[in-house]
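The transmembrane segment annotation in TrEMBL covers 128-148, 155-173, 211-232, 253-275, 348-373, 394-414, 458-481, 493-517, 533-553.
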C-alpha cells in the first residue's frame with residue numbers, strides 16, 4: 001500500500017518536504033502529516049523520505065470516507081485544486097492539476113455510491129411497512145391460489161391446451177396466407193440453398209420457400225399435440241386429479257406452508273458457518289514484505305522485515321531499496337495447502353446445505369404420505385403430522401439423509417473444481433483441453449440434476465417405508481420408470497400451473513406496488529410515502545413476492561410428488577379387495593374405474 005498516516009485534518013496548502021525542510025514555520029505545519037518517528041530537521045531530507053517518515057508532497061485535500069482526496073473543483077470549465085491550476089513537483093518544475101484527476105476518479109465513484117446508498121436507505125425507512133403489507137398480500141394470494149387449484153386446476157390446464165392449439169392454428173393460417181401472397185412476385189421463388197446465408201434475416205421473409213417451411217413445421221407440431229391429447233387425455237386427467245388432491249392435503253396440513261421458514265433458518269446457519277470459516281482461513285495468512293528497488297540490487301525480490309530493514313545489510317548495499325508489502329501468504333506447509341482447506345470447507349457447506357434440504361423434503365413427504373395412507377381422511381391422520389414426520393426423520397433417517405446429501409455434495413464439489421480449472425485455463429491456447437473441460441462441465445451438470453431428482457424421490461420412499469437410502473432410491477427409480485409417461489405428463493402439468501401461479505402473484509402484486517408507490521391510485525394518493533427512487537420498494541416487493549410464492553409452491557410441489565408416488569404404490573400393491581383396499585381418493589378411483597369391494601362409491 002502507499003505511505004499513509006492518520007491525521008486530525010487534511011492538508012490545505014501545496015507543499016513539498018524539500019521546500020519545507022529549511023523553513024521552521026513550514027516544517028512545523030508539515031510535522032502534522034509526518035509519522036511519530038520524525039525527529040525534525042536534524043535528519044537529512046533524503047533520509048526522511050527514504051525512511052518514509054514524511055510524505056514527499058502535500059496537496060490541498062478534502063475528507064471523504066475517512067480519507068483525504070485532492071480538492072478538485074471546476075471554475076468556468078477550468079480544473080483547479082486549491083484555487084490553483086499548477087503545482088510544484090519538488091524538482092523545480094510545475095505540473096498541471098489535471099494529472100491529479102485520474103487519482104480522484106475513484107473517489108467520485110465512492111462519493112456517488114455513498115449518496116445513492118443513503119437515498120435508498122431513506123426510501124426503506126419511509127416505506128418499510130408498505131413493503132411488509134405488499135409481502136403479506138403476496139402470501140395471502142399464494143395461499144388463495146393453492147386453495148383455488150382444488151377447483152380451477154382442470155379448467156386452467158384445458159384452457160391453456162386449447163389456447164396452444166388455437167395459436168398454432170392461427171400460425172398455420174398466417175403462413176399459408178403469406179405463402180399465397182408471394183405467388184408471382186419477382187424473386188420470391190428463389191430457393192434457400194441458392195440464396196445462401198444472409199445477415200439480414202428479413203430477406204428470408206420475402207421467399208415463398210421460407211413460409212412453406214414454417215407452414216410444414218407448424219402443421220407437424222399441431223398434429224403431434226392433437227395426437228398426444230388423444231392418447232394421453234386420461235393421464236392428463238389423472239395429473240389434474242392429483243393436483244386437486246394435493247390442494248386438499250395441504251389444507252389438512254396447513255403448518256406445512258410455514259415449514260420452509262425452518263429450512264431457510266437452518267440454511268442461513270450453514271451459510272454463516274461456511275462464510276465465517278472461509279474468512280478465518282483467508283485471514284490466517286501472514287503479511288509478506290519484499291525488497292523493492294529502482295537500481296540493480298542482489299537482494300531484490302527477497303523477503304524482509306520492516307522493523308529491522310533500516311538497520312540491515314540491505315540498506316547499506318542498496319541505498320534506494322525499500323521493504324514494501326507484497327501479498328498475504330506464507331512459506332509454511334499450512335499456507336501452501338490453504339486452498340485445500342478452502343475446498344474442504346466448500347465441500348462441508350454443500351454437504352450440510354444438502355442435508356438441511358433433504359431433512360425438509362423427507363419431513364414434508366412424511367406429513368403428506370400420512371394423509372394419503374389414511375383410509376378415512378382426515379380422521380385416520382396423526383394429530384400433528386408435520387411434527388411427527390420431523391421427529392421420525394431425525395430419529396430414524398439421519399444416516400440415509402446424510403448419505404444422499406454426501407453423494408450430491410461430491411458431484412457439486414467436482415463441478416466447482418471444474419469451474420476453478422476453467423477459470424485458471426482461460427488464457428490457455430489448448431483448444432482440446434477447453435473442449436474436454438466444457439464436456440465434463442456439461443456431463444456433471446446433467447448428473448447433478450439427475451441425482452437431485454433421484455434423491456427427492458428416494459426421500460419420499462424413505463418417508464413412506466423407512467428403508468435405507470440405496471433401497472429407497474432403487475425402488476423409486478424403477479417405480480417411476482414403470483410409469484414414465486405418467487411422470488412426464490404430471491411434471492409438465494404441474495410446471496405449467498406453478499409458472500402460471502408465480503406469474504400471476506408476482507405480476508399482480510408488482511403492478512399494485514407500482515401504481516401505489518408512483519401515486520397513481522387516487523384513493524390512496526396522499527398515503528403513499530415520498531421517495532427518492534420509487535423502484536426501490538417496487539423491486540423489493542417483486543423479489544419478496546417471488547420468494548414467498550416459490551416457498552409456497554415448493555411445499556405444494558413436494559405434496560404432488562409424494563401423492564403421486566403413493567398413488568403408484570397404491571396401484572401396484574392393492575387390488576381393491578377387502579384385504580388390500582385402495583387408499584386413493586374417491587375421485588381417483590372413479591377416474592381409473594377402480595372400486596373397493598364392500599365400499600360402493602357414492
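Don't overthink the numbers, they just go from 1 along the chain as shown.
Cβ atoms here come from the backbone N, Cα and C positions, even for glycine.
Curation plays no part in TrEMBL annotations; they are all automatic predictions.
A Cβ distance under 8 Å defines the sequence-distant neighbours of the transmembrane segment (533-553), meaning residues of its chain 6+ beyond its ends; these are 119-120, 123-124, 127, 130-131, 134-135, 138-139, 141-143, 146, 257, 260-261, 264, 498, 501-502, 505-506, 509-510, 513-514, 517-518. At the 8 Å Cβ cutoff, the transmembrane segment (348-373) and the transmembrane segment (458-481) share at least 3 close pairs (sequence separation 6 or more) and count as touching. Within the chain carrying the transmembrane segment (493-517), a Cβ under 8 angstroms from the stretch's Cβ atoms is held by residues 127, 130, 134, 137-138, 141-142, 145, 149, 153, 156-157, 160, 236, 239-240, 243, 524, 528-529, 531, 534, 537-538, 541-542, 545-546, 548-550, 553, 556-557, 560, all 6 or more beyond its ends.
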